[in-house]
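Student: Once you've had a glance at the structure underneath, I'll fire off some questions.
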Amino acid sequence: MTTRAGFIALIGEPNAGKSTLTNAMVGAKVSIVTHKVQTTRARIRGVAMEGDAQLVFVDTPGLFKPRRRLDRAMVAAAWGGAADADIIVLMVEAHRGVTEGVERILDGLGEIGTGRKVALAINKIDRVKPEVLLALSADLNERYDFVHTFMISAEKGRGVKDLRHWLAKELPESPWLYPEDQIADLPMRMIAAEMTREKLTLRMHQELPYQLTVETESWEERKDGSARVEQVIYVARDGHKGIILGHRGETIKAISKSAREELSTFLGRKVHLFLQIKVRSNWLEEKERYSEMGLDFKDGA
Ligand SMILES: Nc1nc2c(ncn2[C@@H]2O[C@H](COP(=O)(O)OP(=O)(O)OP(=O)(O)O)[C@@H](O)[C@H]2O)c(=O)[nH]1
């Protein structure tokens, strides 16, 4: 069997609908993988299967006019994600048309886009009349040589199938980048633990993030449709516990809030998240900790 696989970067102004489209692409059929890939500059947003092709969507921060240093770093990261991708899809909002921001992105594409497949996806078509769409498509195609133009509504799911089908066809022949069963089976509780670990990593400094691990201890589906999730943060030292708790527990509260919000958005329903910190000086030597992370524990290693 010939398989195809590759990275697809969705770029566009903030609010163009990149996250909505990723979710629509991944759909119910497959799970989504949310984790940082150390070797790639961008974050993997979702993995979708289409026939024999595996589509890996990479998240890029919205492209906007950088003002501060942080802005510049984010925009650079977005372009970095795009430059590493096999296919770039530029998302433009139908009702906003060619804004200054879109013009700037087109200029950027001119610089990095040569020899790459760049498709145009005019999103939010539910918000405009067909004649507006045709004019916009013509205008954009005059400004940049897109290999294909799609008219979509990521939110309503219109045109999403066609786009996914096309992407699958255009990806290079390659073995899958993620084992199919791993994606399908990646347990939700592991993804949820990763989300909390990510929030911890963002807040903690230096080596602390490498000395902790997060496990989901219990996951209870409640009658009202919400989920009750209990997680344990294992730290290696007593002092680390205090740092994660923060003054009057403020740090852990903030971490818990952002992890809960992300998980809740991901699941599309309410989540009650409870975090507990346990000190286990030797957790790095414990076999169960590794299997919880989906890693092999190598004896003697
Ligand atoms: N009417 C309409 N709204 C949409 C459509 N797609 C996305 N939206 C809305 O547009 C808003 C932004 O969507 P996101 O998917 O968060 O946009 P994004 O590009 O990921 O935004 P950033 O992460 O800020 O870069 C949300 O309120 C969506 O509900 C669409 O097809 N039609």
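We count from 1, first residue shown onward.
For all residues, glycine too, the Cβ spot is worked out from N, Cα and C.
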Student: Looking at 107-110, 123-126, 195-198, 259-262, which stretch does TrEMBL describe as region 'G4'?
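Tutor: My reading of TrEMBL: the region 'G4' range is 123-126.
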Student: Consider only the binding-site residues Asn15, Lys18, Ile125: which of them have a Cβ under 6 Å from an atom of ligand 1? Write none if no residue does.
Tutor: Asn15, Lys18
